[in-house]
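TrEMBL has this to say about the protein:
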- Cys212, Cys294, Cys295: Zn(2+) binding site (BINDING)
- 8-309: domain 'Hcy-binding' (DOMAIN)
Amino acid sequence: MAPAGAKRNILERLDAGEIVIGDGGFVFALEKRGYVKAGPWTPEAAAEHPEAVRQLHREFLRSGSNVMQTFTFYASDDKLENRGNAQRFTGAQINEAACDLAREVANEGDAMVAGGVSQTPSYLSCKSEAEVKGIFKRQLNVFVKKNVDFMIAEYFEHVEEAEWAVQVLKTSGKPVCASLCIGPDGDLNGVSPGDCAVRLVKAGANIVGINCHFDPMICVKTVKMMKEGVERAGLKAHYMVQPLAYHTPDCNCQGFIDLPEFPFGLEPRILTRWDMHKYAREAFNVGIRFIGGCCGFEPYHIRAVAEELATERGYLPAASVKHGNWGAGLEMHTKPWVRARARRDYWEKLKPASGRPKCPAMSTPDSWGVTKGHADLMQHKEATSLDELKPLFEKAKC
């Protein structure tokens, strides 16, 4: 169970040296459960199937999460109506429903509610700063109305757009986190992780870091680079990391979306719970104190993070009641060779097999090299036509 006492805000917790554990990747988890459509990745489920979103929040809370992030990823109206996506709910309706669900579950434990915004099709289509900021402001209005505890600007490939988001979110007076979906090579314009972090702190972010696109160790490495940049600049910040739950050693600068397995063939790359122990320890050792997950993370992954850091946090998550430390529950198995696996050194040394004899260890990522302003990235409301798809299919054969 969580420690008793009134809830403190995220900056109070981090200033006191506490570890804050985030949740996981809602769009991927709910897509697998049949509540989100891959492609648009939009969060209508918050309004359309609130029971599914509520249950996932509860599973992450039980597994050790201190943050219930609103299921508002890609919930801006320009994204909801992009490329023929049927807009059954407005961004405001989705955002309000998501806030209510996150607050309901957060109140069941020691968790805070974080309102989230993410990159926009409008930025990719070279809309003006004022237009893009207007999109963030409309989302922020809902978060202020619902009195979320803090804000997260996440999943930004370009630091400029993230700066704009932070500047808008900062007007709420609430703590602001900013996480980019970049790797050690920097954003898609080549701005280094250290310089990105400095720009975000100067824009007003209290917490900076990385989410999505890359595996835990790559993300931790990138946050370390951000931390070094902030310290060189004589600035102060807290740090966060919410990576993929997929191994991505073969990714290029755009991360897992360039892998040929994205998004429907990624399962062989999933990290085990024991991999998550290593991730949590590495993140803690480099000074990151807001540690969570993104796409691919399920509640058992977060439980592993919480269990690895249980000594530092002073307690285990509720879900650990159903999980023996380092496989200790296997002591009760009927088969002796399985009982023999009830030990830490077995799981730490395990090299999992894929069971796929003809599959390569790594893939060759797509490397189309397009980003903001390129004709292929111009977005529109109309559904993608066959005439638009044909040249893409041909290019993919090359």
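Backbone N, Cα and C atoms are what each Cβ position is placed from, and that goes for glycine too.
This view paints the features noted in TrEMBL onto the structure.
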{"residue": "Cys212", "record": "Zn(2+) binding site", "Cβ neighbours (10 Å)": "27"}
{"residue": "Cys294", "record": "Zn(2+) binding site", "Cβ neighbours (10 Å)": "30"}
{"residue": "Cys295", "record": "Zn(2+) binding site", "Cβ neighbours (10 Å)": "28"}
Neighbours of the Zn(2+) site Cys212, Cys294, Cys295: Cβ within 8 Å of the Cβ centroid, same chain, sequence order.
Gly25, Phe28, Tyr155, Cys181, Asn211, His213, Gln242, Pro243, Leu244, Gly293, Gly296, Phe297
